[in-house]
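Trainee: Here's a structure for you.
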Amino acid sequence: MERIIQQTDYDALSCKLAAISVGYLPSSGLQRLSVDLSKKYTEWHRSYLITLKKFSRRAFGKVDKAMRSSFPVMNYGTYLRTVGIDAAILEFLVANEKVQVVNLGCGSDLRMLPLLQMFPHLAYVDIDYNESVELKNSILRESEILRISLGLSKEDTAKSPFLIDQGRYKLAACDLNDITETTRLLDVCTKREIPTIVISECLLCYMHNNESQLLINTIMSKFSHGLWISYDPIGGSQPNDRFGAIMQSNLKESRNLEMPTLMTYNSKEKYASRWSAAPNVIVNDMWEIFNAQIPESERKRLRSLQFLDELEELKVMQTHYILMKAQW
């Protein structure tokens with residue numbers, strides 16, 4: 001199952017690279033990137049892909065092929081997912097001088113690179129299955145631009161449970177379904193009193209209900225002040241809504257993969273109810289975010305990149321993905 005779920009990270013990586021190659025990302029305004037960081041953002045992601053080829057030609061081939069065949073509607077989705085999460089992170093970082101980020105199920109995500117350069121008091125922890133972080137560790141150390149940006153040595157010198165333990169950045173292996181292992185790891189790499197951002201980006205949808213709820217409850221009780229940012233698909237709650245059923249069928253047929261809670265938390269309200277212990281919970285679908293949070297000047301920029309004639313398809317897709325922010 002770990003290996004199957006890791007394949008979904010390659011999907012996310014190919015989508016991110018496709019959006020970058022066409023110019024959807026980076027969004028220097030919404031991601032608050034300087035000219036220099038915008039240039040580095042592109043270089044970091046391209047270097048990650050090139051270096052991936054050294055360790056897995058098969059994975060590189062899949063990512064490269066998918067990247068080149070991405071449609072505008074997919075690029076819009078990746079753009080919204082990325083800037084939506086980044087905007088939530090940035091809002092919390094600006095409001096709190098010292099912050100730690102815990103990225104659950106980090107995969108190949110490189111969000112830590114610009115954030116660590118932008119915020120000198122930020123600490124960042126990436127956590128995922130062993131196989132995923134082993135590959136990420138190898139790529140980060142092998143690529144010169146990635147290695148230098150994180151201040152790493154080419155040799156792996158970190159001590160268990162970390163693969164990377166370098167200043168303000170840590171990379172660690174953990175099965176997040178095992179709450180004992182997860183708690184033990186957080187005990188050694190985070191501090192309770194520091195304001196904490198928890199990111200779960202397409203993670204909880206692959207976990208069973210009991211395990212995911214225990215993870216949420218345990219982590220929220222562990223930190224005195226925090227912001228949980230979660231991005232996931234929802235199955236849809238309208239009588240004639242077939243989105244969730246079709247998604248489940250496609251995943252089962254193509255990957256033998258399940259999303260156990262896709263239909264359990266099939267609406268924004270049901271999804272957000274998992275964070276009922278938090279006093280401040282905001283949940284939006286990505287279509288709402290597109291219409292309410294993306295300024296017209298930015299939408300004009302997006303329209304100049306590619307012609308999008310599947311506006312109704314974009315609406316259907318993005319109303320079935322949500323961004324939830326729970327603050328306590």
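Cβ coordinates are placed from backbone N, Cα and C, and glycine is handled just like the others.
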Trainee: According to Swiss-Prot, Gly105, Asp128, Asp175, Leu176, Asn177, Glu201 bind S-adenosyl-L-methionine; which one of Arg68, Arg81, Arg141, Arg147 is annotated to that same site?
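Mentor: So the S-adenosyl-L-methionine site in Swiss-Prot includes Gly105, Asp128, Asp175, Leu176, Asn177, Glu201 plus, from the candidates Arg68, Arg81, Arg141, Arg147, Arg81.
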Trainee: How many other Cβ atoms sit within 10 Å of the Cβ of Arg81 (S-adenosyl-L-methionine binding site)?
Mentor: 22
Trainee: Taking DSSP three-state, what's Arg81 (S-adenosyl-L-methionine binding site) in: helix, strand or coil?
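Mentor: DSSP assigns Arg81 (S-adenosyl-L-methionine binding site) to helix.
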Trainee: Going by a 10 angstroms cut-off between Cβ atoms, which of the binding-site residues Asp128, Asp175, Glu201 has the sparsest surroundings?
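Mentor: The binding-site residues Asp128, Asp175, Glu201 were compared, and Asp175 has the fewest Cβ atoms within 10 Å.
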